[in-house]
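Peer 1: According to Swiss-Prot, the record shows the following:
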MOD_RES   M1  N-acetylmethionine
REPEAT    10-31  repeat 'LRR 1'
REPEAT    40-62  repeat 'LRR 2'
REPEAT    63-84  repeat 'LRR 3'
MOD_RES   K73  N6-succinyllysine
REPEAT    86-107  repeat 'LRR 4'
REPEAT    109-128  repeat 'LRR 5'
COILED    148-216  coiled coil
COMPBIAS  154-221  compositional bias 'Basic and acidic residues'
COMPBIAS  229-242  compositional bias 'Basic residues'
TRANSMEM  245-265  transmembrane segment
TOPO_DOM  266-307  topological domain 'Lumenal'
Amino acid sequence: MTKTGSKGGNLRDKLDGNELDLSLSDLNEVPVKELAALPKATVLDLSCNKLSTLPSDFCGLTHLVKLDLSKNKLQQLPADFGRLVNLQHLDLLNNRLVTLPVSFAQLKNLKWLDLKDNPLDPVLAKVAGDCLDEKQCKQCANKVLQHMKAVQADQERERQRRLEVEREAEKKREAKQQAKEAKERELRKREKAEEKERRRKEYDAQKASKREQEKKPKKETNQAPKSKSGSRPRKPPPRKHNRSWAVLKGLLLLLLLCVAGGLVVCRVTGLQQQPLCTSVNAIYDNAVQGLRHHEILQWVLQTDSQQ
């Protein structure tokens, strides 16, 4: 049969005690659901069919004690095949198996195994032996179980080693990340400190500039009166004004000399009888007489004479 359901309805009719014979049934697939409904069928014969694979849920038929899968086209067994922990007898004669799943090591109750006529891996083929009789098949079961346990242990060690490598790599990544984050924090901290210092300097510079600006008007106000009061004495008179005073002084001096000369001539020489000299002498006498009666002049003359 090419479909699992074509004969699924009469599986119970094939059940003989605890044995269910589905050999030579032209099966391409295993009727797992129907088999799961027959937990009494602890002995299952699926030999001489066209099975190339077993579904993963086949491993849920944990009630199986004896299983015949010989003369099919099986290329591999499910990864969870070791779940069939009650299996004691397993016939895999004449299939296309190269290796067995690691979980095979869990079949602790397996007592009989036939792996003849399979393209097994050379190491596994050497362990399995020839399986030519009952004794060799029992030895095959024992040796293959021991071999698969060793393979399982090796794989577990390899898995643990990979996990350790991954953990170490993760630790290194975490340490690297932490170092990177610490470096970034330190960089941010330094940048923040530099920014704070820059702002402080700007603030101090602004305060200093403000103080200078406040001092500058005071200096100007303090210096302004000094410049006004002190500049006048130092300021030289215009040259033109100096020249005028010099000329005026010269003229006055010349006039005084002329007056004095004329006065001397009129009083000493023989010209004193002349009308002009008579007038000059009269003016001089009146002036001297008036000055003598002046109170201030008298006080000055007395003071001078006392000294």
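Residue numbering: from 1, along the chain as shown.
For all residues, glycine too, the Cβ spot is worked out from N, Cα and C.
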Peer 1: I'd like the per-state residue tally for the compositional bias 'Basic and acidic residues' (154-221) from DSSP, helix first, then strand, then coil.
Peer 2: 68 helix, 0 strand, 0 coil
Peer 1: As a test of the contact definition, list every same-chain residue at least 6 positions from the residue listed as 'N6-succinyllysine' whose Cβ is closer than 8 Å to its Cβ.
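Peer 2: Those within reach of the residue listed as 'N6-succinyllysine', by Cβ under 8 Å and sequence separation of 6 or more, are K50, L51, S52, N95, R96.
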Peer 1: Below 8 angstroms Cβ to Cβ, which residues of this chain, lying six or more residues outside the repeat 'LRR 1' (10-31), approach it?
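Peer 2: Here the qualifying positions are 1-4, 38, 40-52, 54-55, 58, 68.
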